[in-house]
Amino acid sequence: MKTPNPAAADPTISDQSDGPGEGKTNQTAESSTGFEPRASQSLPVLDSSDKDDKPNSGPSSAAASGAGDLYTGSIEERQNAKSSRPFSALRRALTWTPKRCRFDPENPPPFTFALNILYAFSACFTVANLYYNQPILNKIAETFNVSYEKASSVAALLQAGYAAGLLFICPLGDTVKRRPFILSLIWLTAMVWLGLCITNNFTVFTVLSFICGATTVTPQLMLPLVGDYAPAHRKASSISIVVSGLMLGMLVARLLSGIVSNETDWRNIYWFSFGAQHLLLVALYFFMPDYPSTNPNGLNYLRMLWSIVYMFFTEPLLVQVCLITACMSACFTAFWTTLTFLLSSPPYNYSSLTIGLFSLIGIASIAGGPVYGRLVTDRYVPWMSSLLGQIAAFTGITISTFTGKFTVAGPVIQAVTVDVGIQMAQTANRAAIYSINPKARNRLNTAYMVMAFVGQLSGTAIGNRLYHAGGWTWSGGSCMAFVGFSILVCLFKGPREPGWFGWSGGLNLRRDSENPPKSGADTEKAINGSTGEPAQEERITPAPTSTKGRTPSSPNPTKQNE
């Protein structure tokens, strides 16, 4: 008796593949009249290993050679599988999360001091990439046999790339998971940085510098992250620790670069950065929690960019903070740019090394910032800390403007007060804007940093022009004007005024007793709603206002309690 053919009894034979990434496939036996696939079935495709042996094989010849020669997935599935193979291992590595770092909404990982320090060091050694080149531009020019003016384009392109990254990459932090996003950026920066270490072509060096500047935006992703998950009672001090790491990176980069390039080849500082980025990648890989996206349903990228512009027309607090930041940044760059001209000319005639040591004065603000944030900014409204920082900077600038040509004590006082004042104002201003909308903190931070860059460019241009026109007194006068205007902007809108100007909210400087979310679980509720389900994207609207201060963008304005 003949054994019945199972293929004839059942027209569909299931074949399971044990290969990685491949699921079950179905094969359809052919009848003697030919093969006619149904609409729901996929056309059989020859395995790539058999194409050379059977160039003209069709369905009939495939059936004759056996069902094992057929791959029955769709053409699109096969193409996608092939295209994903080279990067699948890398993607799995960057998206895999250690058990201790997996985010549980019911029991989220605590925001510890050690994690805060890790984020500060991340900010330090990533932002340092922008400043390693500044003390060694002359050696870069000699190595590539270009003029000093052309070599200075390296620093300009790094800053331009950083600005592009702030505007076009940082907003993505509002729509993707931060852990794989940050790890991918650090890995990409490290790989491109390798090209800077080995290339002998100046054009390639400048192009890679721009790319590295664009991907070196990790600090600006860390700060909104801290604003999301730091406990409310120490949110400002936690932000201040990361800001201190940011400022330390600017200082350490110039200092290390000068020392290393003075004793060895200048490329060694680039190799040092290459190793530091990989160590940082490993540390974050094993200790950074896998925080969820603040907008799990996703956002349209172009609308997301437009919302940054839209917020300048709907958020009075954001406009106030950005104007203050632009003025303080202009003062900072105008001072440090013209200080070199003052100290290198009579009556001082200091060497470049002595002038460079003035940057160590910034250690005072770096060390004192977190302490001030804990004692003052965490207890009082951000408006107060910002105003005190501006007053401190204005006082030091005034003293230095009228004494700087006679005694070095004037510039020293200005260096201390400007650094401390900017640290105080930055911490307070960031804490203020992060309270506007928990689902848009990366976009708010982008708006903030773009205005800071505008201020830096303006301060450098105006300070240099005025110094060459009227000397130290004129450039110091520009710094006084910048900070004086920022103080007026701060006083124009009170600490609790919900509208564009005024003091209707009162003069109470203490923080409200109703605190914002204190833990990761509370933050999740604030971001995704109390039900635990992902919330829809919130419109960018101002804080609830009274009838007097109502803005047109508020769909449901809430009256303040009289």
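Going from the start of the chain as shown, residues are counted 1 onward.
Glycine too: its Cβ is placed from the backbone N, Cα and C atoms.
It should be emphasised that the depicted structure is a prediction, and the values quoted were computed from it without experimental measurement.
Database features (TrEMBL):
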type	residues	note
REGION	1-70	region 'Disordered'
COMPBIAS	24-43	compositional bias 'Polar residues'
COMPBIAS	57-68	compositional bias 'Low complexity'
TRANSMEM	111-132	transmembrane segment
DOMAIN	112-496	domain 'Major facilitator superfamily (MFS) profile'
TRANSMEM	152-173	transmembrane segment
TRANSMEM	185-216	transmembrane segment
TRANSMEM	236-257	transmembrane segment
TRANSMEM	269-288	transmembrane segment
TRANSMEM	308-336	transmembrane segment
TRANSMEM	348-368	transmembrane segment
TRANSMEM	380-399	transmembrane segment
TRANSMEM	447-466	transmembrane segment
TRANSMEM	472-492	transmembrane segment
COMPBIAS	510-525	compositional bias 'Basic and acidic residues'
REGION	510-562	region 'Disordered'
COMPBIAS	543-562	compositional bias 'Polar residues'
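Among residues of the same chain six or more beyond the transmembrane segment (380-399), those with a C-beta under 8 A of the stretch's C-beta atoms are 236, 321, 324, 328, 331, 335, 372-373, 410, 413-418, 420-425, 427-429, 431-432, 476, 479-480, 483-484, 486-487, 490-491, 494-496, 508-511. Cβ atoms under 8 Å from those of the transmembrane segment (185-216) belong to residues 94, 126-127, 129-130, 133, 140, 144, 146, 150, 153-154, 157-162, 164-165, 168-169, 267, 270-271, 273-274, 277-278, 280-281, 284 of the same chain, restricted to positions at least 6 beyond its ends. Only sequence-distant pairs (6 or more apart) were considered; of these, fewer than three Cβ pairs between the transmembrane segment (236-257) and the transmembrane segment (308-336) are under 8 A, so the stretches are not in contact. The transmembrane segment (447-466) shares the most Cβ pairs under 8 Å with 308-336, out of the stretches 152-173, 269-288, 308-336, 472-492.
The stretch from 152-173, 269-288, 308-336 that makes the most Cβ contacts under 8 Å with the transmembrane segment (472-492) is 308-336. Same-chain residues lying 6 or more positions outside the transmembrane segment (152-173) and placing a CB less than 8 Å from one of its CB atoms are 129-130, 133-134, 137, 140, 181, 185, 205-206, 209-217, 220-221, 224-225, 301, 304-305, 308, 441-443, 445-446, 449-450, 453. Summed and averaged per residue, pLDDT over the domain 'Major facilitator superfamily (MFS) profile' (112-496) gives 87. Non-local neighbours of the transmembrane segment (269-288) in the same chain are 98, 101, 115, 118, 121-122, 125-126, 128-129, 132, 136, 179, 182-183, 186-187, 189-190, 193-194, 196-197, 256-257, 260-261; each lies 6+ residues outside the stretch with a CB under 8 Å from one of its CB atoms. Within the same chain, residues 171, 386, 389-390, 393, 397, 414-415, 418, 421-422, 425-426, 429, 432-433, 436, 440, 443-444, 446-448, 451-460, 462-463, 475, 478-479, 482-483, 485-486, 489-490, 492-493, 497-501, 540-543, 551, 553 sit at least 6 positions outside the transmembrane segment (308-336) and bring their C-beta atoms closer than 8 Å to a C-beta of that stretch.
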